[in-house]
Amino acid sequence: MVSVTSSLFLLYVVVFGLSSLACFISVPRAQAIEHRDTRVGLTWLLVLSGGWAAAHVGYLVAPTDELTLVFYYTGLVIGIGAVGPWLHFCSAYTGRTLHRNPTYRRLAVGTYLAIVGVKLTNGLHGLYFTAEWTTSPFNHLLIHHQPLHWVVMGLAYALSFVGFFMLLELFERLNHDTTPIVVLLALTGAPIILDILGAFRTTLIGTTYSPIGVAIFAVGMLYVYVEKFQTIQLAGKHDEPIVILDADDHIRDYNENARGLFPELDRADAIGEHIDDVVPELTDTLEDDQPLFVRERDDETHWYRLGESPFGAGNTELGRILTIADITEQERYRQELEAQNERLESFASMISHDLRNPLSVANGHLEMARESDEPAKHLAIVEESHDRMEALIQDVLTLARQGNPIDELEPVEVGALAPAAWEMVDTEGARLRLGDDLEDRWVRADPDRLQQLLENLFRNAIEHGITESSAEPAGDGTVSTSNASFTVTVGVLEDNGFFVEDDGVGIPAEDRETVFDSGYTTNPDGTGLGLAIVAEIVDAHDWSIRVAEGTDGGARFEITGVDVVSTAPVKTASSD
């Protein structure tokens, strides 16, 4: 009959032997982990823990006192070395970079060497352990732990708990059901209880049982819960929204940012459901040539690019990761660049087309001036053509500038800006009237561009709205608008916009869609760019503009989508 003592001895040998075997067998599995730092940390943890457990077996079965002490010392050196890979693994697995910090690495190596020095010189000072043979609970070398042992063990436990904290913190902030992994982690730390009980001379021997916990962790993480092990790390290390799918496209995990972007994921039964049944938009987007989609968030349009990449363990594919990158800034820049390129092409075409006529006229009359007995008449026409080209070039430059993005908006008082703009225009005696409700109208705008907008609308009204019927005859037979009744009005719209209208001839309904096109004009001396500049300024502010019939039959331009920032009464200048 086998004695209880022999059975207990055999149990120790088998448990530590299996722990060593489990650690070493798990090494190839750990080597298949894609994330390099996680792979390195876990591999070294398994190798050192396997060697540590094997040293325990040697300590128990060694035939001589000297060999028993050799195995015990080997375990002391290897065991404390396993703390470093454990922290390396926890840092890498949770997406931290502590394991890469040169200061921490040097401190870890220095601490390890100092502790090893203390352990290996125990024969000189006896402050780490003393030993004697005992037959309880079976024949083995009994270790009496001394003060330095408890200092070192306290440090090792503290550092180990730092690793546990990093893992638990990761599990806490994930939506995934991490209960099995938390239980596995608890089992990994459970041997610490055996360490404490063994120190108080129970039926357990006074040794370190941590290799058993590492073996449990290795088998659980790399064989039983390998998919959870992978998905938890993937979900935790990404800041951008991600959704993790298994090989059959069932949802296995997602992070907080993904839930914020797709509230459908917050369903209690989302985990385990097919992605098409929860967020079909994702798979639909992946099928597009350009996997982009748009979301309205915080009153702004955001663009996202959807990507996917497989993940697995070794040669086994476990699923794929859907990553959602916010490309709003890149898309806005692309659109701005595209708009600028279109404007450059338009400007080049415009200059090529519109300058050709006055340039041809100038060249023709220049030749005629050379051959004429009266060159002044032809040179006058050349001068007019040059003036027209200069005006066209200035308008094109203005048009180019007004289409550029606006860096910063500020509160602008429309009622005060309108008279300033009016003063910059040759109004030919026409009158400006400000609506009564304009005196408290402040909007967010670029003041310089808003003034340019008003100037161009005023100039357009003067050049196209005044007719002979609205003017008075001058003494020299010409028509003068001095003291005429032609009036331009600036007022407020009910939907937070404002308008500029006149009481002139107006704009025919069929032309109201084309008046903002570059080159459109009914004035033979005009460049056709005044209202195009207005449209560019409106677009740069993200406003809208439309042409309507004025109150008295003239032209009315309505600007909407304006951000009103204040309705406090403000004193405005009158303009007459």
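Heads up, the Cβ atoms here are built off N, Cα and C, so glycines get one too.
Annotations in TrEMBL come from automatic prediction, not curation.
Values in this document were obtained by computation on a predicted structure and should not be read as measured data.
Look at TrEMBL and you will find 6-28 (among others) tagged as transmembrane segment.
Under the heading transmembrane segment, TrEMBL lists 40-59 (among others).
Annotation source TrEMBL lists transmembrane segment at 71-95 (among others).
Taken from TrEMBL, the feature transmembrane segment applies to 107-128 (among others).
According to TrEMBL, the feature transmembrane segment maps to 148-168 (among others).
Positions annotated as transmembrane segment by TrEMBL: 180-200 (among others).
According to TrEMBL, the transmembrane segment annotation covers 206-226 (among others). Distant neighbours of the transmembrane segment (206-226): 15-16, 18-20, 22-23, 26, 29-30, 45-46, 49-50, 52-53, 56, 59, 75, 79, 82, 142-145, 180-181, 184-185, 187-192, 194-195, 198-199, 313, 318; these residues of the same chain sit at least 6 beyond its ends, with a Cβ under 8 Å from one of its Cβ atoms.
Look at TrEMBL and you will find 350-560 tagged as domain 'Histidine kinase'.
71-95 is the stretch from 6-28, 71-95, 107-128 with the greatest number of Cβ pairs below 8 Å to the transmembrane segment (148-168). Ranked by Cβ pairs under 8 Å to the transmembrane segment (40-59), the stretches 6-28, 71-95, 107-128 are led by 71-95. Counting only same-chain residues 6+ beyond the ends of the transmembrane segment (107-128), those with a CB under 8 A from a CB of the stretch are 73, 76-77, 80-81, 84, 87, 145-149, 152, 155.
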